[in-house]
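Chemist: A single structure is presented below for examination.
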Amino acid sequence: MDTKIGNGTFDTLKPANCDLGNLPAAPTAAVHCTSTVIASPEATLGRHLARRLVQIGVRDVFSVPGDFNLTLLDHLIAEPNLNLVGCCNELNAGYAADGYARAKGVGACVVTFTVGGLSVLNAIAGAYSENLPVICIVGGPNSNDFGTNRILHHTIGLPDFSQELRCFQTVTCYQALVNNLEDAHEMIDTAVSTALKESKPVYISISCNLPAIPHPTFTREPVPFSISPRMSNQMGLEAAVEAAAEFLNKAVKPVLVGGPKLRVAEVGKAFAGLAEASGYAVAVLPSAKGFVPEKLSHFIGTYWGVVSTAFCAEIVESADAYLFVGPIFDDITSVGYSLLLKKEKAIVVEPDRVVIGNGPAFGCVLMKDFLQALVKKIELNTTSFENYHRIFVPPSVPLESKPGEPLRVNVLFKHIQDMLSGETVVIAEAGDSWFNCQKLKLPDGCGYEFQMQYGSIGWSVGATLGYAQGAKDKRAIACIGDGSFQVTAQDVSTMLRCGQNTIIFLINNGGYTTEVEIHDGPYNVIKNWDYTGLVDAIHNGEGKCWTTRIQYEEELKEAIATATGEKKDCLCFLEVITHRDDTSKELLIWGSRLAAADGRPPNPK
């Protein structure tokens, strides 16, 4: 039996000279193998780590060199199936590993001690919030320096080397501090397997003097390890399914809503099967766009409270039962906690837990098992979709632009819609692109990625780099605001070095528009750049790059035709000039609601 993780495969094997079983469930447990293999020059710690990464499906590692990781980088480069992608800074390397994990199932980055580690920390925190298995590798101090009371460079001037480790403890699910060879093998293997099992980032620090040293535990071909599959409690599963079926089958107009945890539970097909079998109106939370096929026969769009897809909120909030699968109800998703939902009407399905209304709750029940079993018990009920169909009015189209009229954002996204296919992926930066991209109708197979829970501006540049590197069969279309682009613009350089053909729509409206709609002030106005000139300078005649500045619809049409035609093999940078106040109505509503939530006065003591 094979257990597939990312694009790699672990075969469950048991060599004659090695008692190797499945990984125990506890994150701190490790594979332990006694081997009689004599260490070869290639059986080093660095090569072992490289082969483990290849084995789990990683082909590209995003890195920034520093003196503590240089030898380790030598050994990663020596692995023929591993490509080292040098980034302009550690933050972008982390964002790129995040994007790569979205495309391939797992990602990795390598930085240097403390100055690199603390720089990449923000990206790792974002990956943690999005349940992405990212392996963050840090080149650490020489093993001889631990416990010597010495002060090292790249630190805060104290002889305590644990600062970086303590910072990572809250944003990773496992931390391996490798400063000796004897337990390095099992620590690395445990970290890698834990990242995959928990679908969260892990931290591996490797002393700078260890990667090149052979050791008997590092065989030339690492023994494959397997990960124990999680299993539902059968009695709990049956009870949860019975209770849920009874709850839903007596409802008059139930609905089904998918959430962002659909990804970590890997239940896309099971969710689609339940959607078709139930006949319910099907929606997604905004953070789950792209996880549910929009070709489903009863799909009604995005449920996002008052900024939902047209007529979606009316159907969800008027239902007498809602089945939420993998939701997260934070202040952004709930539009400042303003959703008109009642807990007693909801079934909430978590990756390993089911809660029926105000109770009962059933633990040790896996989402996939629950959805597959519920299909057999659910009764067909199309009432909620019929109600949607009854009130639905097709969306209007933007007013036609007059010759020479400044380009409007709604016209821009009308044309982006026409570019989408199963061979594209949309990457939406935090800001008004969230709202405009939510309205895009995704063709079958079209990818969609954004970072809603963490919402770190600038994420999209690195994430686009990583995603495009991991999914070379898709052309990335990134929608990025000028404020966000200023945070991480440098790694357009790395996109060019990697020969990527991404299309970047740089929406230049002169500031942090999202912040303006929450709380305006002079701090939301930024220095305007010549963005097209900047990318031309980064290009510097090396690689394939095409840039243009767009102010009118006629120019937009010509630019898109060029980008998808003669320049289809180039990185295409389209700077779109828009008015500062040209925002979606959804952003205006959402911004005011979030401002009200943020501005709530303290409760009286």
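We number each residue from 1, going along the chain as drawn.
Including glycine, each Cβ sits where the backbone N, Cα and C put it.
Caution: TrEMBL annotation is automatic and unverified by curators.
Model, not experiment: these values are computed from the prediction.
What TrEMBL records for 44-148 is domain 'Thiamine pyrophosphate enzyme N-terminal TPP-binding'. What TrEMBL records for 241-360 is domain 'Thiamine pyrophosphate enzyme central'. Summarising the annotation, TrEMBL assigns domain 'Thiamine pyrophosphate enzyme TPP-binding' to 452-571. Look at TrEMBL and you will find Asp482, Asn509, Gly511 tagged as Mg(2+) binding site.
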Chemist: For the domain 'Thiamine pyrophosphate enzyme TPP-binding' (452-571), jot down how many residues DSSP puts in helix, in strand and in coil.
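Modeler: Final tally across the stretch: 58 helix, 23 strand, 39 coil.
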Chemist: Count the residues of the domain 'Thiamine pyrophosphate enzyme central' (241-360) that DSSP assigns to helix (H, G, I), to strand (E, B) and to coil, and report the three numbers in that order.
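Modeler: Secondary-structure composition of the domain 'Thiamine pyrophosphate enzyme central' (241-360): 40 helix, 25 strand, 55 coil.
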Chemist: Just give the helix, strand and coil counts over the domain 'Thiamine pyrophosphate enzyme N-terminal TPP-binding' (44-148), going by DSSP.
Modeler: 50 helix, 22 strand, 33 coil
Chemist: Restricting to the same chain and to sequence separations of six or more, state which residues have a Cβ under 8 Å from that of Gly511 (Mg(2+) binding site).
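Modeler: Listed in sequence order: Asp482, Gly483, Asn524, Val525, Ile526, Arg580.
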Chemist: Around the Mg(2+) site formed by Asp482, Asn509, Gly511, list the extra residues of the same chain whose Cβ is within 8 Å of the site's Cβ centroid.
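Modeler: Checked against the 8 Å cutoff, the neighbours are Gly481, Gly483, Ile507, Asn508, Gly510, Tyr512, Thr513, Ile526, Asn528, Arg580.
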Chemist: Can you check which residues sit near Asn509 (Mg(2+) binding site), meaning Cβ under 8 Å from its Cβ, same chain, 6 or more apart in sequence, and list them in order?
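Modeler: The answer is Gly481, Asp482, Thr578, His579, Arg580, Asp582.
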Chemist: For Asp482 (Mg(2+) binding site), just count the other CB atoms lying within 10 A of its CB, please.
Modeler: 25
Chemist: Can you tell me the mean pLDDT for the domain 'Thiamine pyrophosphate enzyme TPP-binding' (452-571)?
Modeler: 93
